[in-house]
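Below is one structure, written out as C-alpha cells; the observations come after it.
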Amino acid sequence: TNIPQTMQDLDLQEVAGKWHSVAMAASDISLLDSEEAPLRVYIEKLRPTPEDNLEIILREGENKGCAEKKIFAEKTESPAEFKINYLDEDTVFALDSDYKNYLFLCMKNAATPGQSLVCQYLARTQMVDEEIMEKFRRALQPLPGRVQIVPDLTRMAERCRI
C-alpha cells in the first residue's frame, strides 16, 4: 500500500500549542461517520516533551458526553512520524504544515494502512481557508483507497468541538 511521503522535517516547537479540527478524512468513512465513530476525535493541543516525543490532547464523544484524552506519541527515526497506541492505530504522522495556519496530521495502523487511515486538517483558528482545504484534498489523493472528507466540521454543532 502506498502511503504518501510525510514531511521531511517537523519542528515540534513550531507545531506546539492550540489547534482546531476543521476537516477530517478517512479511508473507511465508518471510522468518522458519527459523533461516536471510533476515530472522530478533535485534536485540541500538541505538546512536545523534552525528549522530542509529542503529547496529543484531544476530545472524543463518549456515552452521550465528551471526554478529554491524551495520547503519548513516541518519536521514531523519521522526525514527522510517531508511534502511538490508540484503538487500532499505531502511527501518527504529519503530511504537511506551514506551522502558522495549518497542519495535516494522519493516523494509521501500519499492518493495514489502506483500511484504517484517518487524516485531519488542523488550523490555528476555526476558520476554514478554502486554499488550504484544496491543499488538504490534494495531499489526500495519493493515499490508498478512496479517502473521503467529512463535510465542513466548522458548521456542525458537535458536543466535542471547541
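Backbone N, Cα and C define each Cβ position, glycine as well.
For CYS119, the disulfide partner named by Swiss-Prot from the candidate list CYS106, CYS160 is CYS106. For the disulfide-bonded residues CYS66, CYS119, counting C-beta atoms within 10 A of each C-beta gives the highest total at CYS119. Cβ contacts within 10 Å of CYS106 (disulfide bond), excluding its own Cβ and spanning all protein chains shown: 25.
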